[in-house]
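Down below is the structure, laid out as structure tokens.
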Amino acid sequence: MKLKQRVVLLAILFVIFIFMKVFLIDNLDTSAANREDQRAFHRMMASLRVELDPRLDHTLQSPWEIAAQWVVPREVYPEETPELGAVMHAMATKKIIKADVGYKGTQLKALLILEGGQKVVFKPKRYARDYVVEGEPYAGYDRHNAEVTAFHLDRILGFRRAPLVIGRFVNLRTEIKPVATEQLLSTFLMLGNSTCFYGKCYYCRETEPACADGDIMEGSVTLWLPDVWPLQKHRHPWGRTYREGKLARWEYDESYCDAVKKTSPYDSGPRLLDIIDTAIFDYLIGNADRHHYESFQDDEGASMLILLDNAKSFGNPSLDERSILAPLYQCCILCPLLQVSPNTVLEERFPEAIPLPSLQKTEQLPALLVFIFTEPRWSLDSSHLQAGKPVNRMFYASGFPPGTD
């Protein structure tokens with residue numbers, strides 16, 4: 001072989017060697033990163049696992065006293081909650097000593113008092129698991145299992161702003177009717193062999209009752225917040241009109257957020273950031289019905305936006321309602337939690353806002369959420385991971401491609 005040919009061959013072999021070395025190192029780095037993300041995910045799942053153990057060996061307090069002490073202006077429950085399983089076990093099993101119609105609202109619910117004096121809200125099952133709610137994104141009855149799922153998503157995101165929720169079966173004939181008030185009892189009826197009730201609410205009708213399977217009714221139980229923390233109701237600045245042909249201002253005015261920032265309590269403090277957090281939360285669960293929200297009373301905008309009433313969610317797994325994200329893409333700010341990678345998703349949140357052009361890897365956040373839902377029809381597939389798209393668009397509009405410094 002001539003010298004020239006040998007030089008060419010050596011050059012080719014050298015290029016191949018360099019390419020393979022770079023490729024292998026890159027793959028090793030990627031594999032190491034993937035392994036670390038997997039380990040972080042398993043650590044996170046272990047920390048979120050709840051054992052429904054009724055024992056409270058280290059304290060003489062009741063589950064209700066423990067849960068009441070958890071509540072502070074920016075959290076309903078703390079990150080470290082070894083007693084969570086005992087509290088939720090009590091919610092699912094404690095004897096019902098009184099049943100009444102639910103508090104004011106548009107949807108059917110019952111107010112129950114459990115042994116020990118704890119109030120809970122019971123929302124009955126209205127749909128089969130695989131039922132798809134057609135029509136407007138806020139159409140249909142409340143979904144009791146949506147309340148349960150939303151609570152656990154609140155835990156995964158580290159918001160800790162949703163009251164505790166668990167599923168429960170109740171016997172309407174033996175557990176509810178004997179302790180029901182006259183007002184609630186007057187709404188009970190029989191349809192065939194099934195016990196039903198329609199309660200008292202804006203849309204409650206005798207012609208549209210919730211019915212048990214015989215006497216056994218499935219539902220969700222939401223822990224009532226302590227009376228020492230009274231709630232204040234606010235109209236959501238991005239609420240809908242619910243009138244055909246009539247748009248809210250935010251639906252046609254792209255500078256609407258500028259006006260919101262000039263009004264209390266959004267002109268200072270964390271409330272506007274809470275609104276944006278909640279918009280992303282609502283988009284992930286498909287809740288387009290947050291026309292009002294609650295905070296703690298007399299807080300001057302310092303308390304959190306409490307994630308109550310999440311049952312108008314998971315109605316249609318094929319529907320992605322982009323307008324839910326309007327606070328995000330009109331205000332263009334985020335809290336730091338929503339821009340971190342999965343292995344740091346449970347790190348402590350900070351109150352300062354981050355302008356979107358400085359964010360990186362925002363699209364990684366929803367990757368964890370595919371693990372929330374056990375049934376495939378409710379998994380967050382690619383069509384549900386669109387929350388990062390408005391963020392990316394704002395990166396480009398600001399001259400900062402995603403991932404740049």
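The first residue you see is number 1, and the count goes up from there.
Every residue gets a Cβ built from N, Cα and C, even glycine.
Going by TrEMBL, these are the annotated features:
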TRANSMEM  7-25  transmembrane segment
BINDING   GLN107, LYS123, THR222, LEU223, TRP224, LEU225, GLU294, ASP309  ATP binding site
BINDING   ASP142, ASP309  Mn(2+) binding site
DOMAIN    193-334  domain 'FAM20 C-terminal'
ACT_SITE  ASP289  active site
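Within 10 Å of the C-beta of ASP142 (Mn(2+) binding site) there are 26 other C-beta atoms, taking all protein chains into account. In terms of DSSP helix, strand and coil, the domain 'FAM20 C-terminal' (193-334) has 33 helix, 28 strand, 81 coil. LYS123 (ATP binding site) has a Cβ environment of 26 other Cβ atoms inside 10 Å. In this structure the C-alpha atoms belonging to THR222 (ATP binding site) and ASP289 (active site) are separated by 19 Å.
By neighbour count, meaning other C-beta atoms within 10 Å, the densest spot among the binding-site residues LEU223, LEU225 is LEU223. Looking only at other Cβ atoms within 10 Å, the busiest spot among the binding-site residues GLN107, THR222 turns out to be THR222. A straight line from the CA of GLN107 (ATP binding site) to the CA of ASP142 (Mn(2+) binding site) spans 7 Å. The average pLDDT computed for the domain 'FAM20 C-terminal' (193-334) is 93. Sequence-distant contacts of ASP309 (ATP binding site), defined by Cβ-Cβ distance under 8 angstroms and a gap of at least six in the same chain, are GLY105, ARG290. On a Cα basis, ASP142 (Mn(2+) binding site) lies 8 Å away from LYS123 (ATP binding site). Recorded residues ASP289 (active site) and ASP142 (Mn(2+) binding site) have their alpha carbons 11 Å apart, per Cα-Cα distance. Most other Cβ atoms within 10 A: among the recorded positions ASP289, GLU294, that distinction falls to ASP289.
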